[in-house]
Amino acid sequence: MDKLKCPSFFKCRGKETVTASSENFHVGENDENQDRGNWSKKSDYLLSMVGYAVGLGNVWRFPYLTYNNGGGAFLIPYAIMLALAGLPLFFLECSLGQFASLGPVSVWRILPLFQGVGITMVLISIFVTIYYNVIIAYSLYYMFASFQSELPWKNCSYWSDKNCSRSPIVTHCNVSTGMGYIIQMNKSWVDTNNFTCINGSEVYQPGQLPSEQYWNKVALQRSSGMDETGVIVWYLALCLLLAWLIVGAALFKGIKSSGKVVYFTALFPYVVLLILLIRGATLEGASKGISYYIGAQSNFTKLREAEVWKDAATQIFYSLSVAWGGLVALSSYNKFNNNCFSDAIVVCLTNCLTSVFAGFAIFSILGHMAHISGKEVSQVVKSGFDLAFIAYPEALAQLPGGPFWSILFFFMLLTLGLDSQFASIETIITTIQDLFPKVMKKMRVPITLGCCLILFLLGLMCVTQAGIYWVNLIDHFCAGWGILIAAILEIVGIIWIYGGNRFIEDIEMMIGAKRWIFWLWWRACWFVITPILLIAIFIWSLVQFQRPEYGDIPYPDWGVALGWCMIIFCIIWIPVMAVVKIIQAKGNIFQRIVSCCRPASNWGPYLERHRGERYKDMIDPNKETDHEIPTISGSRKPE
C-alpha cells in the first residue's frame, strides 16, 4: 500500500504527523531549521540583502560625492575602500549570522563580554527606523501630489512669497531723490513709493525655486526652528501611517512574506533608473551633466587630498549597511552550508555598481535643468534632501509629461526605502525572537504589528512642523559615531579576542576548506587594515565634528544635548553589559574577565548535525548559561 501524503495543513516529520498550527506559520516544511525557519529560496535572501544595502544614499549621496571629488577619479579610492573596509566587514557579518543562526544580540555568545555591541546595533537601528520611514512618508506624499495634470511646484502659487523665482531677484537699487541725491533703497520701498531704479544699479540675489518653497511651505510646513514644534502635519502623518502599514503587511510572516515582496521592491528601482537614464540621455544638455558627473577630464590631483579618501571610506561603510545588525539578522536565516562568501561578493558589487549607475540617471536630467535655466551644473546639483525633494523635482517639472516622471521617481524612492526598512525591522524582530523564542512562535504577528505601531507613534514628532529638524538630528548623531564604534569593537572582538584563525575554521565548516592563499587577503584586512581604517574614520569624524544645522538654521543647545544623549544611550550598553557579564561570572576578577572573553558553552552551529567534532560538547543553543569558568575542549580554547 502506498504511503499517504500529508495534506498541506499538516507537517510530516518522519513517522510523526503534527498539525501545522498558526504558531509555526513562519516555518516551512522544507526548512532546515524548524525553530527559526529559513529563506524559501536563495534569491529571496540575495534580493533582501541587495534591497537592504541599496538605499536612498545610493541615489542622493554617491553621485554628488563623485562629482565633488574629482569625477571618475573618485572611483579609484571608492573601489580600494570597498576592498579594504566594506567587503571584509560585510563577509564577516554574513558569516557570523549564518554560522550561529542567531540575531545581532544573541550572536555575541561568541564573546559574552561584547554583548553590548549587539544591543548598540539594535538600538541604533530602532532610532534610524523611526526617521527612515518619515523619509518614505515624504516620498509617498510627493508621489500622491504628482497625480495632477501639472506638478504643483512647477510655478510659484498661492503658497509662495515674493522671493519665489527661478531667476535672480532685485533686492536694492539706486534712486534719484530729485534734489540731486542718489541713494540706495530696498526694492519694495522703491515700488511702494513709485520710484524708478537707475539702470545698472540693481543689486540681485538668487530667488528661491518654486520646488524649494513648496518643500518648505507646503510639504513640511516647516517652522522657524527646533524650538517651534508647531502642529502635526496631518497629511504627512497619514503617509507615515501608510508607510508603517506597508512594512507591517510585508513582515507579518517574517522572511516568508518579506522575501517575496523584495522581488518587486528590490528590482523595480533598476527599471526606473534605466527609464530615467534613457529619458535623460535624450534631453538637451544631458551630456553636460554627465561630463560633470564623471569628469570630462577626471581630476586625479584630488586623490592627494585626505578628504576624498575619507568620503570614499565613509560612503562604502554606510552604503553597505555594515554594523547595523541587519546583515547578521538576514544571514541568520540561511541554511548552514550556504556559500556566504559568493553572496557577499555579489551583493557588494551590486551595491557599488548601482551607485555608479544611479549617478548617470541623476546627472543627465540635472544637466538638462542647468541647460534650460542657463546655469552651470554646479549651481543646480544638490545632495540629500535637497536633491530628492528640491533639485530633482524642479528638473522633472520642466519635462514634458512631468507628472508621469515625478510619479516614477518618487515611487522608486519609496521602493528603495521600503526594502531597507524591511531589513531594519526584521533585525528588531529577530532580536526579540532569539530572546523569547517560545513567545514569538505564538505571538509573532501581534509583536511585529505592535513594534510597527510603537515606532509609528514615536515617529509622529518627525511629522510636526519642526519634524525635519528631528529627522536631521537623529541622522546626524545616531547614524554616525555609534555605528563606527560598534564596527570597530565587532572586528576587534571577533578577530583579535575570539581569534581570527578560529573564525576562519568556523567559516570553513560552512563553505568548505580553502587553500591558505585564499585567506591571505582576508587575514590581512581583518587583523590589520580594516580596523586601522575604521579607527582613522572615527578619529576624523571626531576632529571634524560640527554642530548640526538644517539649511542656515542652527540647532539650540538643548537640541544638541539631546542628540548626545541619544547616542550615549545607544553605546552605554557596551560597558554596562560588560560589567554585568563580569559580575555574573565566577572566580576572581581575572578569571571572570577571561571567562567572559571565551565563547559561551551554547555558542556554535544551531543544529546538532552541523556541529561536528569541534562543537560536540555544545549545549542546546536555546538555553542561557552563566559564564562560569568553562571546561572547553581543546578545539575551543582561545588561540
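Cβ atoms are placed via backbone N, Cα and C, with glycine included.
Disulfide pairing as given by TrEMBL: among Cys164, Cys173, Cys156 connects to Cys164. Between the transmembrane segment (74-92) and the listed ranges 261-281, 480-499, 520-541, 561-583, the one holding the most Cβ pairs under 8 Å is 520-541.
Here Ser319 (Na(+) binding site) comes close to Ala53, Val54, Gly55, Gly57, Asn58, Phe62, Asn351, Cys352, Ser355: these same-chain residues lie at least six apart in sequence, with C-beta atoms under 8 angstroms from its C-beta. In sequence order, Val50, Tyr52, Gly55, Gly57, Ala266, Ser321, Thr354 are the residues of the same chain, not among Gly51, Ala53, Val54, Asn58, Ser319, Asn351, Leu416, Asp419, Ser420, whose CB sits within 8 A of the CB centroid for the Na(+) site. Only sequence-distant pairs (6 or more apart) were considered; of these, fewer than three Cβ pairs between the transmembrane segment (480-499) and the transmembrane segment (445-468) are under 8 A, so the stretches are not in contact.
Contacts of Leu416 (Na(+) binding site) defined by a Cβ separation under 8 A and a same-chain sequence distance of 6+ are given as Val54, Gly55, Leu56, Asn58, Val59, Pro269, in order along the sequence. Counting Cβ pairs closer than 8 Å and at least 6 residues apart in sequence, the transmembrane segment (232-252) and the transmembrane segment (345-366) reach fewer than three and form no contact.
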